[in-house]
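Engineer: Below is one structure. I have some questions about it.
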Amino acid sequence: MVKTQRVVITPGEPAGIGPDLVVQLAQREWPVELVVCADTTLLTDRAAMLGLPLTLRPYSPNSPAQPQTTGTLTLLPVALRESVTAGQLAIENGHYVVETLARACDGCLNGEFAALITGPVHKGVINDAGIPFTGHTEFFEERSQAKKVVMMLATEELRVALATTHLPLRDIADAITPALLHEVIAILHHDLRTKFGIAEPRILVCGLNPHAGEGGHMGTEEIDTIIPVLDELRAQGMKLNGPLPADTLFQPKYLDNADAVLAMYHDQGLPVLKYQGFGRGVNITLGLPFIRTSVDHGTALELAGRGEADVGSFITALNLAIKMIVNTQ
């Protein structure tokens, strides 16, 4: 890296394992400054519960960023709405969680931070607090006024992007339009080049239907929509292979010659990735005007404050964000 960068971290649901994981992140050195957007007492109390050392340094945006030293974090304070008991949700803290996301997002947009790494949130408690919330991806898309974003999950061996995200199965076929596919593939291709440093991305594209439609006998979306779009984009120079049946695509003879897979819907691509690398996966939002990565697991309320949470996914998310920062410099 040319100079030390700042990355901002949101721990997520305060009653879950997010604060535990952030405290665990602090137990090693990092080449970037870790700015945690969270409540002061929440972090110090959780560190005490875990028996881990933690010194919180005030965020000073006008000072040069410094690499993070062991046992320290830089704190950008946001106050809890209610006091927290590990493992017990408090509805009012749904507002607190959204405040941390908004502050972190705005900091990325105004250039304070080079990347954003998010911990797990509890969507139910945020909605119970009266805040419509589908997920991080949609929240950052709206707040950043991005034209379109794409969800991609990745392990060291596999990257899977989604054409659609949190839609009921009955709505997916109607959502797969030529315009959507053009946009999603363009974003995926662009970010693989600019954020992952892949000069000529090779993308495998799943069909929508079983056997990729079996020549139109099991659905016509491949013939009517997917194939024409892929043909157009191939003519522009993109390296696209598909549409391929999803039940046979995820094997070495295809994956060894690909940089990413585009699945048509959430449960088509992600079960394979999570089986292959659960606990090591990272959620990446493509198409944003900043770098955003996230853990690939939930809040695990039952583990909060017990010292049993696995920090592996958070470490992977942070390391990937650092690599993406380097690629974009």
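Just so it is clear, glycine is given a Cβ too, placed from its N, Cα and C backbone atoms.
Pulled these features from Swiss-Prot for this protein:
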- His136, Thr137, Lys274, Asn283, Arg292: substrate binding site (BINDING)
- His166, His211, His266: divalent metal cation binding site (BINDING)
Engineer: What does DSSP call His166 (divalent metal cation binding site) in the simple three-state scheme?
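Structural biologist: SS state of His166 (divalent metal cation binding site) = coil.
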Engineer: Given the binding-site residues His166, His211, His266, which one's Cα is the least distant from that of Lys274 (substrate binding site)?
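Structural biologist: Its closest listed neighbour, by Cα, is His266.
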Engineer: Hey, what's the widest CA-to-CA gap across His136, Thr137, Lys274, Asn283, Arg292, the substrate contacts in the record, in Å?
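Structural biologist: The widest Cα-Cα gap among those binding residues is 19 Å.
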Engineer: Using Cβ atoms only, which residues of the same chain lie under 8 Å from Arg292 (substrate binding site) while being at least 6 residues apart in sequence?
Structural biologist: Cys108, Ala115, Leu116, Ile117, Thr118, His136, Phe140, Ile284, Thr285
Engineer: CB neighbours of Lys274 (substrate binding site) within 10 A?
Structural biologist: 17
Engineer: Where His211 (divalent metal cation binding site) and Asn283 (substrate binding site) are concerned, what is their Cα separation in Å, rounded?
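Structural biologist: His211 (divalent metal cation binding site) to Asn283 (substrate binding site), Cα-Cα distance: 28 Å.
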Engineer: On the three-state reduction of DSSP, what should I expect for Arg292 (substrate binding site)?
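Structural biologist: Once the DSSP labels are grouped into three classes, Arg292 (substrate binding site) ends up as strand.
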Engineer: What residues, ordered by sequence, lie under 8 A Cβ-to-Cβ from Asn283 (substrate binding site) and sit at least six positions away in the same chain?
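Structural biologist: In sequence order, the residues whose Cβ lies under 8 Å from that of Asn283 (substrate binding site) (at least 6 apart) are His136, Thr137, Met151, Met152, Leu153, Thr293, Ser294, Val295, Asp296, Ala317.
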Engineer: Which residue among the binding-site residues His136, His166, His211, His266 has the fewest other Cβ atoms within 10 Å of its Cβ, if you could check?
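Structural biologist: Each of the binding-site residues His136, His166, His211, His266 was scored; lowest Cβ tally within 10 Å is His166.
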Engineer: What number of additional C-beta atoms lies within 10 angstroms of the C-beta atom of Thr137 (substrate binding site)?
Structural biologist: 24
